[in-house]
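Peer 1: Pulled the feature table from TrEMBL, pasting it below:
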- 20-307: domain 'Sugar phosphate transporter' (DOMAIN)
- 322-350: region 'Disordered' (REGION)
- 12-35: transmembrane segment (TRANSMEM)
- 47-72: transmembrane segment (TRANSMEM)
- 84-102: transmembrane segment (TRANSMEM)
- 108-130: transmembrane segment (TRANSMEM)
- 165-189: transmembrane segment (TRANSMEM)
- 201-220: transmembrane segment (TRANSMEM)
- 232-256: transmembrane segment (TRANSMEM)
- 263-284: transmembrane segment (TRANSMEM)
- 290-307: transmembrane segment (TRANSMEM)
């Protein structure tokens, strides 16, 4: 049993850890979404100020990230020049601020379940924008898959009992900005060899995100908040725990992707979406129609097939790399043998 037992114990430990990371990420993502809905919804906590809520999150995350990097020295800052920061990090911060603003705003108008259904369009947006920026190549099979996902989401939207055009516009805008941000991270950071973990990401991105959010906040929400200031008392427990959950979610993303893979996160995201739909229907009492579920089911199958195709492509790429490295090693061995043989011949002639 010795070695075999030790090996199986290690495998079991890795499986348990992987499932733990997935469970933690699902729990935190679930909590942040439901918590934001609770705060912003006029029928619940009734604080419909999505820009202000996002700014509180960014201020909290910036402060904790600054403390971790500069005060406690838990993480080393990345070597970013001012030019790289202005041309690479700031545009990502701007897109992130727009994505968060619009997605949080959508919770005022749409149900949690319907928002999760609309989020199924993310692969479609990432692929389309990737083609525009020449990061992805056009493939008719992939595009057909994207159209199938879009068709499923369209059916879900048609079957939505409490459809709100403005809410849908906000959520689709959030998806578009988030997809653009993900593509630009590849172009502006990853391609330059700049890899930021969640702490350093928040350290650099959150302050610029906060600055961008301050512009619409001054014109849209500040005048209303100023009028209501006498009747509103800032609840440190509600907003503090909400911000802490948002910060913890960023760390959980790092753990999940770093210890498993981005594909695991995509699969876990699908599980989380179904859980949120069930929670929205059973606890929040949102209306979920059979047509909703049928449309989202189609979109879900499309997203599942897309993830499967990506996994197969990654496996093929890895196999190709291994084959190339094996060929190179074999070539080196042959060269060494030929070299030794030539040396022996020269010695014999001498």
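Numbers here mean position along the shown chain, with the first residue as 1.
Cβ coordinates are placed from backbone N, Cα and C, and glycine is handled just like the others.
Those TrEMBL annotations? Automatic predictions, nothing curated.
Looking at the shown structure, what environment does each listed feature sit in?
Peer 2: Looking at the domain 'Sugar phosphate transporter' (20-307) alone, the prediction's average pLDDT is 88.
Outside the transmembrane segment (12-35) by six or more residues, the chain places 112, 241-242, 245-246, 248-249, 252-253, 255-256, 259-260, 264-265, 268-269, 271-272, 275-276, 279 with a CB less than 8 A from a CB of the stretch.
Sequence-distant neighbours of the transmembrane segment (47-72) (same chain, 6+ residues past either end, Cβ-Cβ under 8 Å): 36, 39-41, 97, 100-101, 104-105, 107-108, 199-200, 202-203, 206-207, 209-210, 213-214, 216-217, 220-221, 224-225, 232, 239-240, 242-244, 246-247, 250.
For the transmembrane segment (108-130), same-chain residues at least 6 beyond its ends with a Cβ under 8 Å from one of its own Cβ atoms are 33-34, 37, 40-42, 48, 50, 136, 142-143, 146, 149-150, 152-153, 156-157, 160, 162-164, 166-168, 170-172, 175-176, 178-180, 182-183, 273, 276-277, 279-281, 284, 286-288, 292, 295-296, 299-300, 302-303, 306.
Listed by sequence, the residues of this chain that lie at least six past the ends of the transmembrane segment (232-256) yet keep a Cβ under 8 A from its Cβ atoms are 21-22, 24-25, 28-29, 31-32, 35-36, 39, 45, 47, 53, 56-57, 60-61, 64, 197-199, 201-202, 225, 264-265, 268.
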Peer 1: Is the count of Cβ pairs under 8 Å between the transmembrane segment (84-102) and the transmembrane segment (290-307), pairs 6 or more apart in sequence, 3 or more?
Peer 2: no
